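Q: Summarising the annotation, Swiss-Prot assigns active site to 208, 237. The annotation active site, proton donor is assigned in Swiss-Prot to 254 on the grounds of sequence analysis. Summarising the annotation, Swiss-Prot assigns substrate binding site to 45, 66, 258. According to Swiss-Prot, the NAD(+) binding site annotation covers 146, 175, 232, 257.
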């Protein structure tokens, strides 16, 4: 049994070798000749999986170690009798922590407290739901927009997108990409919406590039609209608009979900799905794969305020690192993908063990995703 895996999927060789012969290959472009004698294909979002790629091949199963699936024609896979699995929620925590790092950085730069802002979340799934819980744990007001969930009657105080535009100081997008249909998200943030945002608002896109009309966004910024912008995803990728990059406040190379934990979850989820598909079901404990973090333990004295939270967050991950790396190579062919391929190791907040002498601080840190314990000072 031959299993092709994207060369940038961590732990893929270690895990899939339990099931068969493993060949690691580039994801973009994928070496098509390798598909001729392969039984399974494990990809990331850079590989377009469709009839053009797989027709006439012997592939019996496709796994994508990503939460999003717009790069996979799953309808064609089902029609062709090819098994398929994604990794829903695998990088949700990573994206939430990316958004937090960006907002805390902007708050420090521009002199505002997050607790004084209202955050509108568009798309309240694995990412948006976790973001809501962490923001509300800090006492930050959130407004939720998720038309599919609202129409299903799901529990939640869902608002219209118009309400978010009118009342939110921050609007952050966490939707799938749907190019048509009742819940179309392609260019959901078009020129009309962007121009209606509150003066000084913050616009964040860390889901799919075309959810925000990049040409319209550039036009608004060039005309002097008072708007801060955080973009991790672009239209198009990898050949992003450098003029737009030069005008946004945070620019990164589609790495919001790129924690070591998130990538490992993606690999383990598709491994478990494929092992079940072939009748050899196996489970993997994530902590058996992960190395010790660079910073493992720290002591926090006194209560937790936004300033001390920012220092803890940026000890684990400071988004300015990735912003600087992309700006350094912007416009150079191949460098966008190279940044993603050679991404520096990044951990999640849970990797940091925080000893607190304040019980409320420990409780809040745990609610925010840190690994905190209350140890009263003696």
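Using the three backbone atoms N, Cα and C, a Cβ is placed for every residue, glycine included.
In the displayed structure, how are the listed features positioned relative to their neighbours?
A: Every protein chain considered, the tally of other Cβ atoms within 10 Å of the Cβ of residue 208 (active site) stands at 25.
Long-range Cβ neighbours of residue 237 (active site) (same chain, at least 6 residues apart, Cβ-Cβ under 8 Å): 209, 254, 336.
The DSSP secondary structure for residue 254 (active site, proton donor) is coil.
Cβ-based neighbour count (10 Å, all protein chains) for residue 66 (substrate binding site) stands at 25. The secondary structure of residue 66 (substrate binding site), as reduced to three states from DSSP, is coil rather than helix or strand.
Residue density at residue 257 (NAD(+) binding site): 26 other Cβ atoms are found within 10 A of its Cβ, drawing on all protein chains shown.
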Q: I'd like to confirm something. Which of the recorded positions, 45, 66, 208, 258, has a Cα closest to the Cα of residue 146 (NAD(+) binding site)?
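A: So, spelling it out, the nearest of the recorded positions is 208.
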Q: I need the least crowded one of these binding-site residues (146, 232), counting other C-beta atoms within 10 angstroms of each C-beta.
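A: Across 146, 232, these binding-site residues, the one with fewest Cβ atoms within 10 Å is 146.
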Q: Out of 45, 66, 208, the recorded positions in the record, which is closest to residue 257 (NAD(+) binding site) when you go by Cα distance?
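A: Of the recorded positions 45, 66, 208, 66 has its Cα closest to that of residue 257 (NAD(+) binding site).
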